[in-house]
There are 2 protein chains.
Amino acid sequence: MAVEEVLSDLKKKIEEKLPSGTTISSVEFEGPQLVVYTEEPKKFADNGNIVRNLAKALRTRIVVRPDPKVLMPPEESIDKILKTVPEESGVSNYHFDPDVGEVIIEAEKPGLVIGKHGETLREITKKIGWTPKVVRTPPIKSRTVQNIREFMRTNHKERKDILKSVGRKIHRGCTSKDEWVRVTSLGGAKEVGRSCFIISTPESRIMIDCGVNVGSDDNMTPYLYVPEAYPINQIDAVVLTHAHLDHQGLVPLLYKYGFEGPIYCTPPTRDLMALLQLDYIDVAAKEGKRPPYASADVREGLKHTIVLDYEEVTDIAPDIKLTFHNAGHILGSAVSHFHIGDGLHNVVVTGDFKYEKTRLFDAAVNRFPRVESVIMESTYGNSNATQPSLQEAEQNLQNIVNSTLKKDGIVLIPAFAVGRSQEVMIVLEDAIRKGIIPNVPVYLDGMIWEATAIHATYPEYLNNDLRKLIFQKGQNPFLSECFKPVDSNELRQKIIEEPHPCVILSTSGMMNAGPVIEYFKAFAENENNTLVFVGYQADGTLGRRIQKGWKEIPISTREGTHVVKMNMNVEVVDGFSGHSDRRQLMSYIQKMKPRPERVYTEHGDERSCIDLASSLHKKNKLETKALTNLETVRLV
Amino acid sequence: MAVEEVLSDLKKKIEEKLPSGTTISSVEFEGPQLVVYTEEPKKFADNGNIVRNLAKALRTRIVVRPDPKVLMPPEESIDKILKTVPEESGVSNYHFDPDVGEVIIEAEKPGLVIGKHGETLREITKKIGWTPKVVRTPPIKSRTVQNIREFMRTNHKERKDILKSVGRKIHRGCTSKDEWVRVTSLGGAKEVGRSCFIISTPESRIMIDCGVNVGSDDNMTPYLYVPEAYPINQIDAVVLTHAHLDHQGLVPLLYKYGFEGPIYCTPPTRDLMALLQLDYIDVAAKEGKRPPYASADVREGLKHTIVLDYEEVTDIAPDIKLTFHNAGHILGSAVSHFHIGDGLHNVVVTGDFKYEKTRLFDAAVNRFPRVESVIMESTYGNSNATQPSLQEAEQNLQNIVNSTLKKDGIVLIPAFAVGRSQEVMIVLEDAIRKGIIPNVPVYLDGMIWEATAIHATYPEYLNNDLRKLIFQKGQNPFLSECFKPVDSNELRQKIIEEPHPCVILSTSGMMNAGPVIEYFKAFAENENNTLVFVGYQADGTLGRRIQKGWKEIPISTREGTHVVKMNMNVEVVDGFSGHSDRRQLMSYIQKMKPRPERVYTEHGDERSCIDLASSLHKKNKLETKALTNLETVRLV
Ligand SMILES: [Zn+2]
Ligand SMILES: [Zn+2]
Ligand SMILES: [Zn+2]
Ligand SMILES: [Zn+2]
Ligand SMILES: [Zn+2]
């Protein structure tokens, strides 16, 4: 069936199902959803069940849009909106988009604009005709979030065309009589870095992640040149599990190569992705390397990004439905569930995940309507890769901070901008609030503050406890006064030149670049200070050299090489990992509901992937296999 | 390095290595070989070692061609040739090709035209300038061989262009820094029929076989639509293990889809392939099915076919060398050895093979310079798939023939045109010559006679004993007077209407079509006659129904359905198989030199492939795996 037929078919079905007297003018696909245009948006708004029932009956996501002729002028509309929403909602900005009949309302408390079951939103629609969409005013000003929102507004016409074309491709219909499902590993199998997989069927090809191995020159990129990824536009969609560079760092390269398809990810993943990609280009340039793509390619990716919240079932290809679930790894990280064919097969791709509740996130989801195959990460898959508990890690960190501060020393913590930084921040804030450690300033330098602002923008993606704290008690730990962003060179100079007891969290996490180097040079020679590693230090990095116990450390800067005498204490705090440890990996599968038939391991060194696969096989009598780059396995 | 550079480089190297005073005018690639043009062909002909040494030094196949200006006119040349070769050589035809400076000489005894170590050939060159190529005059007139030779002559200009372009592609040079080798199964894994594999490296893609599953409508063709085979011209070459339809039946389809690359196979495989493809089209049309390609596509394939003899090491891609070895399965069947990269990896693809000397062929070769991976057939891979020995089978057949003839009955043997027919013919001829069975006519109907003519054209591809018999004793068993080709409807009618003691070998092998049906209808009701099955009868075929013991057999023809009363004896003679039985499959690997590291099984039902893989693993401590269609495994 051609798309035009599908649409006129859908229109007929909708008209049949509508309460008598309600009319629609047309229907059109827009990305994965179906847009219903009507001159009577009020009638739809009157009855919240209409759309819900239609979506259920047609098994697709539906949006109702007013016909342009029934829209109230913007000025008047703002007035009406302000009169409709409670003042405490903190509405701060509007954007009217006549093409789609939408008004985007930025508010400090989006929930109050939405109302119970969307009541307030429907109220607004009835009054002004426009369809309101609500986004949160970032409680900490985030350059990234602001730029992306503005960029999307500026390009809304082009974006509308993109979404229409994506939507029509998704609904092109199935044609093959064959039934099979294959998974090809282009990167990230028996290794960490450059994660990239392709799930393909006779109808469609989905790429999952497209990472970069920042640490490697030879094996930096996935094998994107093989036929499975060629021609690039035969890929229907790219699905991103989360925003770490080893999972999305080369997505802009796809657009540079001419890719025109959509990216699916959660809203926080989109924002963190843009932040980290632009930083990646920046760092490469600073290191004198040629970055593989330009910022224009990053923007091209953004234009093609379609965000999905957790638990939204979405058609992304004629025969594939995608649902994201919380992965507990970093903000917006998603366990991705693919339903293929009409009940043919279900694959869960875990991405990086943490099967334990942490300070920031709930434990990764492992309950699904159906699941036959699982593709899972294996970072700590080795049988002896058990980590200390989070409680132990926190205790450990608190003790180190306390004993350093007692000596009037400075605690320097190198950390990645996204993930562990925020975890450590919450631990410190909690300890300071409860008086467990003294109330000293916690300086945040490098990209950490910007990443934290993005965390603050999406509290829905944090765990239950934090959500309650923020929404019900109005107490956002990220806004605590103990945190001091280092937002100028002057402030950094001041901290260095006038040392005082404090904690400094700074990028980069392995000390190969970033402001952490400045602090290190300034504080290394004082034996009262402490350097605390909370993350893995790869071979060849400065962090690793320090862990090995080097006492004289040459540091090259533009001014030449400088030898730093190493007198400060060095501590390693294990346990602050966003990855499941061995026990958690095992029980994630053991407790998965329903029980899967097959498990494929990836994202770990060779031994970890093989060890985990064989242990899972022995324990659970499952078919298991460690994936290999450039191999294709058949799921069906 | 661009091809032009490569060529000028080679020219320089050749000039350096030539004896002083010997000059060349130019060099050019032609298919896998390097052509050296010279105005002094006599000097090259004077010294047989020049070319041999050059080929060795440059590690490539070299052909020396005279510059057109030094060629003697054809009329005079024929005179000189006739004066140079011994009369007994039986020269019967010539074709002069001025484009390549070649004269093709058809002779009954090519060996006598070639002379010891090519002495006579060099003698001819010295006298006439032309490079002589010798082919055998088919001792039995073969329409196929004649047509193909004529077709090649008619299209020699187009063919020259094809070969030049193939040659330049082979020598395009390597560019990737990655090193990997993958094998993708597109058909023939855990099944028999539609064999098709792709070996790929960062530099090249080679398709091995492209068969059709004649018996299946749903799974007839390999998965040619997947990206690994797309675009079709990214395939560098197609290599054919042998001429059975399940290995080459869809090669013309590739040309219909726009493929322009070469096919590599042995000379008998080329001729049998054309015969079987044209017959396949024919049968499909007769059955009212639409054949997947037309005879024009068959011819297109022929134009692109490059024949290689056993043991010729040949560059077929920038990083792949191919060598064919005897496989013992049917005429021209080849175990294909691929040397990949500069010593990176060696893969042996067995194709169908018989690891036992038979009446027609020597046992399959399992000694190679190097081998790491083996991809092997598993038809009888199941642990209980042991077959009677050939001696038992022969004895059995002789007894059945004798007891039937004693009752003045007729022996009807349905058989495939290529392979078992000729085996059975040799057994019968031998028995008649030795008086073991009476001297009755052995009628050959259907394509059997034509296939036999092709066998007679290539005695070099038969086993040692037969070669000796033919070349040294001048006694070609295929020419025996006991064989009577049924070359007209009249003769067939006569045999049916005037029944007399005889043996009839007729296609098709499973009795689903062909003249065998006519004989069956005529002879089934007489209990003195015997029907002998020498090959496998698949489900759903008439042959299978008879084996099951049906007593009344409905046969549909154009005139309607006719019920045949089944009174004749039915015998099954196992053991006449071109496939290795289970024991032979096991010992082929056990005795392979050198010992391979990994074995992949294919070409067998699921149980056979898995059983063989696991037995080989247990017995030999090898890594083994049964391949799966649509999966890709990594060899390196
Ligand atoms: Zn991650
Ligand atoms: Zn990762
Ligand atoms: Zn991962
Ligand atoms: Zn065969
Ligand atoms: Zn076969």
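Any Cβ shown, glycine's included, is placed from N, Cα and C.
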From A:Asp352, A:Asp362, A:Asp465, A:Asp487, the one annotated by TrEMBL with A:Asp246, A:His247, A:His603 for Zn(2+) 2: A:Asp352
Residue in A:His325, A:His329, A:His337, A:His339 which TrEMBL records at the Zn(2+) 1 site where A:His242, A:His244, A:Asp352 also bind: A:His329
Distance, A:His603 (Zn(2+) 2 binding site) to A:His242 (Zn(2+) 1 binding site) (CA atoms, angstrom): 14
Cα-Cα distance linking A:Asp352 (Zn(2+) 1 binding site) and A:His603 (Zn(2+) 2 binding site), given in Å to the nearest integer: 8
Sparsest Cβ surroundings (other CB atoms within 10 Å) among the binding-site residues A:His242, A:His244, A:His329, A:His603: A:His244
A:His247 (Zn(2+) 2 binding site) in three-state DSSP notation: helix
Under 8 Å by Cβ from A:His247 (Zn(2+) 2 binding site), counting only residues of that chain that are 6 or more apart: A:Ser195, A:Asp209, A:Cys210, A:Gly211, A:Leu240, A:Thr241, A:Gly351, A:Asp352
Other C-beta atoms that fall within 10 angstroms of the C-beta of A:Asp352 (Zn(2+) 1 binding site): 28
PLDDT averaged over every residue in the region 'Beta-Casp' (A:384-577): 93
Remaining residues near the recorded Zn(2+) 1 site, that is with C-beta within 8 Å of the centroid of the site residues A:His242, A:His244, A:His329, A:Asp352: A:Thr241, A:Ala243, A:His247, A:Ala327, A:Ile330, A:Ser333, A:Gly351, A:Phe353, A:Gly419, A:Gly578
Listed binding-site residues adjacent to ligand 3, that is, members of A:His242, A:His329, A:Asp352, A:His603 whose C-beta is under 6 A away: A:Asp352, A:His603
Cβ-based neighbourhood (8 Å from the centroid) of the Zn(2+) 2 site, residues A:Asp246, A:His247, A:Asp352, A:His603 excluded: A:Gly188, A:Val192, A:Gly193, A:Ser195, A:Asp209, A:Gly211, A:Thr241, A:His242, A:His244, A:Gly351, A:Glu377
